[in-house]
Number of protein chains: 4
Amino acid sequence: MDHQKPMFTTNPFDDDKLREECGIFGVFNAETASAMVALGLHALQHRGQEAAGITSWDGHDFHTHRAMGHVAGNFDRDEVIRGLPGGAACGHVRYSTTGETSLRNVQPLYAELSSGGFAVAHNGNISNAMKLRRELIRRGSIFQSTSDTEVIIHLVATSTYRTLLDKFIDALKQVEGAYSLIVMTPEGMVACRDPLGIRPLVMGKLGDSIIFASETVAFDVVGAEHVRSIDPGELVIVTHDGEVRSHRPFGETHARPCIFEHVYFSRPDSVVDGSSVYSVRKAIGAQLAIENPVEADYVIPVPDSGVPAAIGYAQQSGIPFELGIIRSHYIGRTFIQPGDKVRHLGVKLKHNANRALIEDKRIVLIDDSIVRGTTSLKIVQMMREAGAKEVHMRIASPPTRHSCFYGVDTPERTKLLAHRLDIGGMQDFIHADSLSFISIDGLYKALGEAKRADIRPQYCDACFTGDYPTTLTDQDEAVVQNQLELLAERVV
Amino acid sequence: MDHQKPMFTTNPFDDDKLREECGIFGVFNAETASAMVALGLHALQHRGQEAAGITSWDGHDFHTHRAMGHVAGNFDRDEVIRGLPGGAACGHVRYSTTGETSLRNVQPLYAELSSGGFAVAHNGNISNAMKLRRELIRRGSIFQSTSDTEVIIHLVATSTYRTLLDKFIDALKQVEGAYSLIVMTPEGMVACRDPLGIRPLVMGKLGDSIIFASETVAFDVVGAEHVRSIDPGELVIVTHDGEVRSHRPFGETHARPCIFEHVYFSRPDSVVDGSSVYSVRKAIGAQLAIENPVEADYVIPVPDSGVPAAIGYAQQSGIPFELGIIRSHYIGRTFIQPGDKVRHLGVKLKHNANRALIEDKRIVLIDDSIVRGTTSLKIVQMMREAGAKEVHMRIASPPTRHSCFYGVDTPERTKLLAHRLDIGGMQDFIHADSLSFISIDGLYKALGEAKRADIRPQYCDACFTGDYPTTLTDQDEAVVQNQLELLAERVV
Amino acid sequence: MDHQKPMFTTNPFDDDKLREECGIFGVFNAETASAMVALGLHALQHRGQEAAGITSWDGHDFHTHRAMGHVAGNFDRDEVIRGLPGGAACGHVRYSTTGETSLRNVQPLYAELSSGGFAVAHNGNISNAMKLRRELIRRGSIFQSTSDTEVIIHLVATSTYRTLLDKFIDALKQVEGAYSLIVMTPEGMVACRDPLGIRPLVMGKLGDSIIFASETVAFDVVGAEHVRSIDPGELVIVTHDGEVRSHRPFGETHARPCIFEHVYFSRPDSVVDGSSVYSVRKAIGAQLAIENPVEADYVIPVPDSGVPAAIGYAQQSGIPFELGIIRSHYIGRTFIQPGDKVRHLGVKLKHNANRALIEDKRIVLIDDSIVRGTTSLKIVQMMREAGAKEVHMRIASPPTRHSCFYGVDTPERTKLLAHRLDIGGMQDFIHADSLSFISIDGLYKALGEAKRADIRPQYCDACFTGDYPTTLTDQDEAVVQNQLELLAERVV
Amino acid sequence: MDHQKPMFTTNPFDDDKLREECGIFGVFNAETASAMVALGLHALQHRGQEAAGITSWDGHDFHTHRAMGHVAGNFDRDEVIRGLPGGAACGHVRYSTTGETSLRNVQPLYAELSSGGFAVAHNGNISNAMKLRRELIRRGSIFQSTSDTEVIIHLVATSTYRTLLDKFIDALKQVEGAYSLIVMTPEGMVACRDPLGIRPLVMGKLGDSIIFASETVAFDVVGAEHVRSIDPGELVIVTHDGEVRSHRPFGETHARPCIFEHVYFSRPDSVVDGSSVYSVRKAIGAQLAIENPVEADYVIPVPDSGVPAAIGYAQQSGIPFELGIIRSHYIGRTFIQPGDKVRHLGVKLKHNANRALIEDKRIVLIDDSIVRGTTSLKIVQMMREAGAKEVHMRIASPPTRHSCFYGVDTPERTKLLAHRLDIGGMQDFIHADSLSFISIDGLYKALGEAKRADIRPQYCDACFTGDYPTTLTDQDEAVVQNQLELLAERVV
């Protein structure tokens with residue numbers, strides 16, 4: 001098991017994608033709660049492949065199992081599920097946002113408070129976690145992980161409010177950033193979403209069970225019904241008497257959910273904040289065809305994430321949709337290329353040009369985004385080596401120019417191709433005959449809006465626009481710290 | 001490592017497919033032969049996922065490494081490749097045909113003969129292996145495996161001919177059935193194909209290296225050029241002086257290669273006996289649309305093997321091609337469903353209906369074949385639960401009514417749905433609104449023939465027609481044995 | 001690795017022994033500190049076989065590695081030691097005292113305090129840990145383990161004193177029970193022993209390095225010199241300027257070190273509080289021969305712990321010392337007896353009677369102690385089956401009648417044979433021809449005292465006498481709790 | 001499991017010992033045959049620690065399980081024993097004699113012959129195996145291992161005699177060297193010993209079961225009764241009707257069993273060819289005291305193999321027996337010393353001087369043999385560093401000057417200290433104050449003989465005398481081959 005690196009990717013051309021950091025799932029009042037969580041997390045595996053964890057509550061005790069690696073292989077074993085008894089359970093899949101990678105940081109995090117057990121699963125990123133952590137340690141708190149999520153627990157543990165709910169709201173009011181949370185306590189299960197609703201969270205039901213999840217696909221796998229999204233700034237409590245209560249500790253808030261969920265993160269068969277992801281992606285493809293037409297023989301998707309937009313592009317443009325790139329089925333395990341001589345083979349292990357089709361043809365490649373550009377370069381090259389006459393690249397999102405601080409793994413800004421080059425430069429870099437991106441307003445249009453409301457945008461689109469919807473305390477402090485150090489060096 | 005079952009499937013809806021049993025790859029006169037074999041086998045992984053092995057020759061010694069499981073994770077480690085030095089190497093991926101599953105049966109098989117080392121990798125099945133084995137044991141041979149391939153080695157070892165080549169031809173003339181072989185000896189590398197050429201075998205080159213493989217995709221991954229197919233009944237020898245000699249020990253033969261390679265086994269980006277597999281599958285889909293039209297809103301492929309035929313069907317019929325079934329990326333590891341309550345979820349772990357698309361629509365599902373029918377039933381049901389108004393199933397091959405004895409894993413004949421039921425019965429069984437298969441002549445037409453030449457068919461199509469191109473000695477003996485036992489019981 | 005249970009024993013007849021719970025080792029100012037700790041812990045492996053851990057400090061960062069199982073196999077790998085850089089390190093071997101068995105409870109425990117890192121390795125048991133823990137949680141502390149040792153860290157973290165030393169002394173003054181501690185901070189290394197010095201702790205040096213350890217054997221293995229014992233109630237600090245300062249926060253105290261270290265826990269080649277363990281055990285054997293003589297042909301030790309006392313008994317009595325029981329060398333791995341039929345073989349897997357010697361002879365068996373008596377019964381039986389004419393048992397300690405609450409694993413009191421039966425009853429139980437124990441005063445005599453000073457005993461001998469030298473808060477609370485529950489049941 | 005090297009030693013100071021290569025055990029007509037074999041092999045573990053295997057026969061099929069490593073941990077699991085059903089079973093523990101170390105060479109070896117299954121477990125070494133192997137390959141036999149034992153199977157398989165017994169005797173008459181064999185066939189179990197009886201083999205019974213084993217300790221562990229030794233040149237057959245028949249295919253033979261079994265290989269609690277090993281070793285120690293007296297304070301055994309001789313020496317000389325070297329209990333896992341700085345610690349990890357005892361004393365160290373001398377040097381040094389005033393070494397066997405070719409692992413002759421140096425030189429090498437060995441006649445005397453019968457010696461003592469009792473075909477051929485190559489070099 002040691003030498004085999006599991007596949008940490010949501011996409012075969014994965015080295016060059018933004019990565020969603022986490023998926024969460026909770027179920028309350030179910031006969032086999034932890035087995036349902038295992039299935040739900042499996043359906044959310046694309047949101048985090050590095051580690052997974054489940055905590056259950058059996059009415060008396062909390063039980064936790066955490067493991068590095070995938071849900072399958074770890075949480076599909078009878079002895080594991082038997083070790084997680086009880087009618088309530090929550091779980092988490094994770095690609096590390098903050099915190100070094102180790103079992104200590106795998107969620108759900110759990111603590112024994114004076115009120116009893118307290119388990120939390122978090123999707124998002126607390127943007128003032130460092131500052132809060134320093135303060136808590138100064139007052140005598142001892143941290144067991146390097147995860148930003150742990151500050152929430154210590155804020156609850158040391159809150160001077162009386163009830164657990166008040167302690168929890170007290171804690172939430174001190175944190176800043178993005179969070180969708182599922183919390184499990186002896187009093188019941190709590191699901192809540194930050195005031196802007198940056199990361200998604202939906203509620204479903206199956207018989208008498210209430211379910212919370214990052215995406216609706218997790219309802220499909222257990223046969224549950226999608227009820228509604230948790231609203232931005234809403235806090236939903238399910239208690240043992242079956243009551244479901246909604247609180248709004250932040251009052252009315254203006255929502256700005258992450259637009260990239262629609263572009264790439266969510267699965268095409270999910271419904272995010274009311275919209276079918278597949279339909280939106282087809283609409284983006286169609287809009288892209290309208291904005292950036294081209295004469296060509298075939299529309300070819302970069303598998304698999306480019307497929308819906310490619311179908312949309314093909315239907316709008318009338319150019320036939322064809323499979324010009326064949327994906328190996330056996331990407332479950334990364335093939336670590338042996339020997340130096342063969343190291344340049346790269347992308348071919350996972351994909352192969354359909355040479356007989358491509359040869360002497362003009363093709364339009366459709367991909368969802370360009371991050372570093374390294375993979376786009378390889379794909380264009382692969383197409384040319386297979387004999388393509390012209391290679392036109394069309395991208396189903398605007399240029400990605402800014403880092404995300406809300407629970408998405410982005411490279412440093414200087415590594416983003418769109419930060420370094422204009423579109424002409426990018427086209428040269430990837431050796432395409434032409435390159436175009438959908439416009440930001442075109443993207444909003446595909447989402448059903450007239451255009452981006454620049455004063456009060458309907459989505460968080462900071463990765464495209466740099467318009468961050470919250471303060472970024474730790475980030476700002478780090479910048480100031482850096483500048484002070486640079487200054488000090490200059491003075492000396 | 002123990003509890004994780006690797007994915008033994010070439011297709012997500014895998015429980016209901018015929019399975020190719022083996023893939024082979026050999027390279028002669030290369031600097032890093034074993035690393036190339038590892039890459040080649042990785043590209044052939046869809047032909048056998050249970051075990052893999054590589055044998056190299058360094059001019060003095062033979063080195064072998066064999067492992068249960070995939071090529072990736074076993075043969076991509078530096079220490080393994082370093083342990084396989086030399087300029088010649090051959091390898092094998094396997095899904096067991098005959099012989100219990102154990103490392104002893106993993107190929108290449110190797111023996112020290114009086115002429116020196118002798119390694120063999122075999123794709124196919126010897127249909128008189130049992131009879132030959134009994135005879136060899138009676139004469140004092142000791143078998144180290146239960147593999148049918150080992151009889152070839154013992155026939156060579158005990159042959160009274162003088163040269164190694166004559167011994168080898170002597171052995172081949174005693175065996176019956178299907179075999180594509182790569183043999184490595186201190187004198188050179190031999191590739192040969194049985195007189196009917198039932199299983200494929202192609203020759204490529206890269207610089208001064210000569211390469212043999214089951215499919216051309218294995219050439220793509222190492223950057224080699226496809227030269228030609230080995231002919232049925234041909235035996236090609238590559239020796240150290242760089243000479244490539246062709247022998248035809250069986251004289252002129254009438255070829256009957258396996259037709260199912262085009263339908264399902266081979267990868268769409270391969271070229272089999274001169275034809276692009278992707279183009280053939282699209283042509284089958286188009287022919288299917290001509291033979292079996294239907295009014296519908298969407299053409300929906302059963303992923304992934306149904307996709308090329310679905311594109312062909314959509315283009316021919318003008319009905320839009322859409323993704324109505326979304327495949328999880330995380331099928332690399334089988335999810336063993338925990339607990340009894342959730343065991344019925346079945347197919348949903350790997351696939352999910354794109355409910356927002358399907359609802360209230362008439363759909364045509366395209367799949368490559370129906371074996372037991374159990375998965376087809378589940379898919380139709382999944383489509384109906386997602387709200388499809390009508391579900392029409394179209395199959396890109398004729399009904400599969402007979403077992404294969406030439407190196408393909410088929411269920412017992414009595415489990416084949418098409419053996420038990422006529423097409424109307426099959427339609428009822430899978431609950432489809434309509435069900436049609438391509439005709440046998442339509443299939444030959446898609447392959448560029450006018451029709452099936454019934455006297456001397458151009459392909460082995462025994463799985464559809466029961467027309468086996470060779471005698472089946474072991475099979476016949478087993479039938480006689482059974483009848484004698486039944487008779488004996490009746491007499492007593 | 002999973003199915004093989006490592007040997008968790010200090011003695012082959014291990015099921016029936018008291019078990020020391022922990023060994024600790026620290027080194028300050030050494031070039032390869034963690035490698036030295038690994039060696040030292042290996043020499044202390046008999047003090048705890050369940051888990052081991054090492055924490056190092058490299059001047060900037062603390063590094064920790066913890067593992068279930070033995071030191072060998074976990075801490076003798078280069079990559080592990082390279083991952084523990086720095087000139088200071090401390091480590092711990094453990095057989096669980098309190099706290100469930102899991103990696104979270106393996107020491108050294110580590111916390112990031114406002115003063116910086118704080119690592120602690122603890123031998124002993126805090127007898128008011130439960131009460132302190134409840135109080136700390138009430139005030140907002142979050143525990144990461146179930147170990148009693150963690151209360152010390154939280155007491156330090158939340159202490160209102162200003163300096164780290166004052167905070168630490170503040171913490172020590174709140175805990176009760178037995179503790180030998182090695183603490184590592186950025187300011188230096190601290191070693192201290194509880195006011196009674198119940199568990200041992202010695203100081204050594206090697207060049208400029210200062211070393212602390214549970215026993216002197218750990219000095220031998222690294223070639224260090226034994227300087228002296230840490231005194232009961234003493235706190236020694238080593239700082240980076242090389243200074244070694246001694247503090248006595250409890251003033252003058254009356255020492256009562258554990259007498260069982262001399263009887264069984266410590267290795268015979270150790271020097272404990274100034275006395276050679278081997279010499280003391282021989283003296284106990286000689287005293288046993290004086291107090292309880294018997295006519296016999298051979299003196300036979302129960303291997304291995306009975307050997308020194310048997311040599312003493314033989315030399316005093318003039319009866320020849322012989323090996324009547326042969327121990328298998330292969331007890332490193334417990335042999336889990338397969339099948340039901342053979343389950344009664346028990347002790348024979350580890351030992352075998354030297355039948356040719358024993359037959360028709362009168363023998364004196366020497367063992368160090370009797371706990372449950374089950375193994376003694378088996379040994380006597382094995383001797384009789386091998387033909388012994390008479391079997392006399394002599395025990396090198398007084399009857400063990402009471403549980404230990406100071407870091408020794410004892411069975412519940414009701415399972416102690418000496419609690420249930422008088423000596424006559426014990427003799428009948430084990431089927432011996434005679435059975436005698438050394439007297440409590442005889443034991444003190446072998447240790448060089450005139451007799452036990454009953455008012456102020458020189459040792460903690462509570463396991464023999466029930467005379468516990470400290471209050472037992474958690475224990476008393478549990479008793480009261482039990483009685484309240486029984487009362488409540490009666491009332492209802 | 002990978003990084004932990006199991007203990008491959010029969011003795012703590014193991015690097016400098018001759019090593020017995022194999023132990024065998026078979027049982028016929030028992031209810032739980034394979035469980036009994038597992039226990040018996042565990043008791044014989046000192047005869048081979050590298051690998052183990054068991055083959056059972058259930059009346060229809062043979063079942064085999066083989067594993068690298070110890071019996072415990074591999075053959076004490078229920079699923080393994082359940083996989084070895086049937087009333088007959090035989091097994092083998094092995095330290096490789098010939099043949100590279102791999103699972104293929106682990107015994108019992110098994111082959112399907114025309115007469116049915118044939119399993120063989122072999123203790124010894126065939127000294128013309130290479131020659132026979134070459135001949136068999138020339139005739140078409142294919143070997144599955146590099147083990148010398150496999151030639152026996154091929155000789156049986158290709159024998160032209162009619163009955164299985166005649167084929168087997170035909171094979172035995174062609175092999176030369178040392179062999180104790182247990183063979184299992186559908187017709188019954190066969191045990192036989194070469195004409196000189198070089199390696200031991202004993203017969204026992206338990207109820208209706210017949211048992212064969214290398215040593216009587218294996219009978220003790222299963223509660224069986226020792227019946228007698230198999231005679232040199234005897235072949236015993238047990239058949240299903242319960243009959244036990246004895247054959248003597250070689251007629252009368254003159255026995256020369258290995259004398260080193262008494263010195264070191266066999267366990268002290270075994271009875272070898274009628275003598276108690278413990279008593280013989282004590283007698284050797286007494287004879288050593290008579291031949292080589294010395295004035296000293298203590299007699300100190302080198303643990304554990306020197307203990308019986310040391311007791312004999314002490315009783316004869318009147319000098320007290322004391323434990324001057326303490327062995328760690330935790331040698332089950334080799335401690336791989338981390339880091340360069342600490343690599344010189346060597347032997348101290350396993351042993352420690354009992355410094356308090358040794359200091360300022362004159363000691364006699366008793367060891368069973370000196371092979372390379374490297375460990376003796378370290379022990380003497382350890383004693384001196386602990387303060388010993390004088391260190392006298394006495395060895396309980398004559399100087400080991402020659403290699404063994406009969407199934408014992410000996411270093412090349414040039415590495416044997418006694419081959420390179422006379423006794424004075426050896427004394428200097430190990431830095432002892434004096435060094436003496438027992439005489440060859442003294443050794444025979446301790447075994448109950450008047451003296452060595454030089455014309456027809458009663459034992460094989462070739463390691464001391466160079467007087468090999470058989471021809472050494474492969475060895476002689478290798479010598480000739482070497483000389484030819486040297487000659488060829490000189491000619492060129």
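Residue positions begin at 1 at the first shown residue.
Using the three backbone atoms N, Cα and C, a Cβ is placed for every residue, glycine included.
Automatic, uncurated: that is what TrEMBL annotation is.
TrEMBL annotates A:Asp367, A:Asp368 as Mg(2+)-binding residues; of A:Ser305, A:Ser317, A:Ser434, the candidate listed for that same site is A:Ser305. The recorded positions recorded for this entry are A:Cys22, A:Cys258, A:Cys404, A:Cys463, and the Cα of A:Cys463 lies nearest to that of A:Asp367 (Mg(2+) binding site).
If you draw a 10 Å sphere around the CB of A:Cys404 ([4Fe-4S] cluster binding site), it holds 23 other CB atoms from the protein chains shown. For the recorded site, A:Ser305 (Mg(2+) binding site), the DSSP three-state label reads coil. Proximity to A:Cys22 (active site, nucleophile), defined by a C-alpha to C-alpha distance within 10 angstroms, is shown by none of the binding-site residues A:Cys258, A:Ser305, A:Asp368, A:Cys404, A:Cys460, A:Cys463.
For A:Asp367 (Mg(2+) binding site), the number of other Cβ atoms no farther than 10 Å from its own Cβ, over all displayed protein chains, is 25. On its own chain, A:Cys463 ([4Fe-4S] cluster binding site) has A:Leu18, A:Phe260, A:Thr400, A:Arg401, A:His402, A:Ser403, A:Cys404, A:Val408, A:Thr410 as residues at least 6 apart in sequence with a Cβ closer than 8 Å to its own Cβ. Each of A:Ile198, A:Ile259, A:Phe260, A:Tyr406, A:Val408, A:Asp461, A:Ala462 belongs to the same chain as A:Cys258, A:Cys404, A:Cys460, A:Cys463, is absent from that list, and has a C-beta within 8 angstroms of the C-beta centroid marking the [4Fe-4S] cluster site.
A:Cys460 ([4Fe-4S] cluster binding site) falls within a strand when secondary structure is assigned with DSSP. If you measure from the Cα atom of A:Cys258 ([4Fe-4S] cluster binding site) to that of A:Ser305 (Mg(2+) binding site), you get 18 Å. Its Cβ taken as reference, A:Cys22 (active site, nucleophile) is surrounded by 26 other Cβ atoms within 10 Å in the chains shown.
Mean pLDDT for the domain 'Glutamine amidotransferase type-2' (A:22-241) in this predicted model: 93.
Cα of A:Ser305 (Mg(2+) binding site) to Cα of A:Cys460 ([4Fe-4S] cluster binding site): a distance of 21 Å. Within the same chain, the residues at least 6 positions away from A:Cys460 ([4Fe-4S] cluster binding site) whose Cβ sits under 8 Å from its Cβ are A:Leu196, A:Ile198, A:Arg256, A:Pro257, A:Cys258, A:Ile259, A:Tyr406, A:Pro469, listed in sequence order.
Of all Cβ atoms in the shown protein chains, 25 besides its own fall within 10 Å of the Cβ of A:Asp368 (Mg(2+) binding site).
Using a 10 Å Cβ-Cβ cutoff, A:Cys258 ([4Fe-4S] cluster binding site) registers 28 neighbours. All chains included, 26 other C-beta atoms sit within 10 angstroms of the C-beta of A:Ser305 (Mg(2+) binding site).
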